[in-house]
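Note sheet for the following structure.
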């Protein structure tokens, strides 16, 4: 009888307990194979609505729908064992009412097996977050630069450059914490404000374009691997995936056209 070692997934409660402890490692993932590779090293795998821009070529995250998020969420859950899988609620799936948010969030959890959902917004989303949390759905908040509000912001612009905006962003963070979120993403905000919020909140802050003093960091995996020409200021590239892919495909094409592939060892012979 074989014995399989069961790996326990990290929970949202465990992430919340990491406040002020060892920094939380998070990356986006959209496919089973990337989830499998990242899982041993990540505390959180975020199935972000950024999938729309990275995988589908949309200019924003707005065209992404619930079915797409569920499909990619299922793949990431299947491909991982340890990390907490958090799935973005896409634009239009939660803003109408707290009841709409619950129906769609519960569908995400039930159909994917993920551990939490993430939704964007500040004070105006507090009632919805509270409603979800009280009904057993762990929620990660997201403030600062919220990509689903790109049209309101007039682009992907850094938040908090004017100190007059600090109180509004701070109010957003505090209200989300009080509503029951287990963690909060701080995206595209000036570093002093990110540090202030991290010190003020009792839940972990996950930075992306914020500060290394946040309780954790998240990046789009393809950005840090070196895929794509555009490199945001806050991204550090740890590889050159695009160049590696191009070189491999070029070599393959050359081998096919020269009939060097397949070789003798790569074809089947009669016995």
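Every residue gets a Cβ built from N, Cα and C, even glycine.
Copied from Swiss-Prot, the annotated features are:
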ACT_SITE  187  active site, proton acceptor
BINDING   49, 50, 88, 118  3-methyl-2-oxobutanoate binding site
BINDING   49, 88, 120  Mg(2+) binding site
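Secondary structure at residue 118 (3-methyl-2-oxobutanoate binding site), taken from DSSP and collapsed to helix, strand or coil, is strand.
The two recorded residues, residue 118 (3-methyl-2-oxobutanoate binding site) and residue 187 (active site, proton acceptor), have Cα atoms 13 Å apart. The closest partner of residue 187 (active site, proton acceptor) among the binding-site residues, by CA position, is 120; the full candidate set was 49, 50, 88, 120. Each residue contributes its Cα atom, and for residue 88 (3-methyl-2-oxobutanoate binding site) and residue 120 (Mg(2+) binding site) these two points are 9 Å apart. Neighbour count (other Cβ atoms within 10 Å of the Cβ, all protein chains): 21 for residue 50 (3-methyl-2-oxobutanoate binding site).
For the recorded positions 88, 120, 187, the ranking by surrounding Cβ atoms (within 10 Å, all protein chains) places 88 first.
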